[in-house]
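As recorded in Swiss-Prot, the features of this protein are as follows:
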type    : residues               : note
MOTIF   : 43-48                  : motif 'PP-loop motif'
BINDING : Cys118, Cys121, Cys209 : [4Fe-4S] cluster binding site
Amino acid sequence: MSKKTKQELENNKLSKRLRHAVGDAINDFNMIEPDDKIMVCLSGGKDSYALLDILRQLQASAPIDFELVAVNLDQKQPGFPEEVLPTYLESIGVPYKIVEEDTYSTVKRVLDEGKTTCSLCSRLRRGILYRTAKELGCTKIALGHHRDDILATMFLNMFYGGKLKAMPPKLVSDNGEHIVIRPLAYVKEKDLIKYAELKQFPIIPCNLCGSQPNLQRQVIGDMLRDWDKRFPGRIESMFSALQNVVPSHLADTELFDFAGLERGQTLKHGGDLAFDSEKMPERFSDGSEEDESEIKIAPQKAERKVINILANKPKTCGA
């Protein structure tokens with residue numbers, strides 16, 4: 001097999017892996033429904049480019065119809081190349097809107113020199129995007145956070161906030177007006193890096209964020225990458241844990257009625273079993289066999305009809 005052919009096979013495997021990971025997340029959390037109008041938030045980074053690209057692929061083949069509109073917030077950062085995103089979006093034929101709001105000056109004016117800008121910048125950006133989604137009549141807002149972002153958020157909350165809280169794949173906004181989805185929830189960052197190289201996306205660096213050393217999120221990210229390198233499978237196991245929460249073995253009295261425990265009561269996950277098998281669900285394993293009686297992923301709630309986004313469009317009459 002030639003080197004070129006081998007690389008093509010690897011590229012095809014990568015594209016298929018990403019498409020199925022996104023499709024699985026959409027299916028598991030019922031992220032996309034018939035006739036949705038989805039606002040895809042495009043920053044110019046690798047993650048949001050990949051999100052838009054994969055959603056376009058699914059839009060072309062899915063058994064339901066949904067709209068996509070790309071939205072970029074031009075925050076008026078010095079040196080921001082304003083022409084890059086419009087040129088790219090016009091070249092691929094995606095409807096888009098560029099929203100111009102000078103949040104850069106606001107952040108610089110409000111915060112003291114040397115303070116990290118991410119928190120305030122994020123809040124300002126979120127409010128503007130919610131407003132834009134309402135103006136466009138969008139039913140969903142799609143963000144480009146991936147699996148590693150979700151885990152990093154969990155550790156940020158644990159280490160610095162005293163909360164066991166991550167980043168949900170799907171949520172309702174604080175004002176209750178918007179459904180926010182994260183279709184890349186099952187996708188590894190290292191796969192997104194490879195995909196961006198493969199697709200040659202015109203990446204726009206975030207100078208405002210990149211100029212800030214020792215950010216807490218950056219430190220956590222370095223920790224996760226180090227673990228992934230030194231302990232293969234650890235990241236997969238940690239993400240699996242987010243889908244296998246056992247409230248009776250934590251210490252939150254609002255999640256579990258410890259005060260009401262009685263003798264003879266049977267707990268769903270065992271009363272005194274503190275450490276379970278090291279096996280992980282098949283989705284995150286290396287493909288080896290597992291005992292399904294020991295590992296269960298996200299027990300089914302009340303039955304809901306969910307469209308399989310990875311299925312094909314129905315054939316039209318005469319086709």
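Cβ coordinates are placed from backbone N, Cα and C, and glycine is handled just like the others.
For the motif 'PP-loop motif' (43-48), DSSP puts the residue distribution at 3 helix, 0 strand, 3 coil. Residue density at Cys121 ([4Fe-4S] cluster binding site): 20 other Cβ atoms are found within 10 A of its Cβ, drawing on all protein chains shown. The motif 'PP-loop motif' (43-48) scores a mean pLDDT of 96 in the predicted structure.
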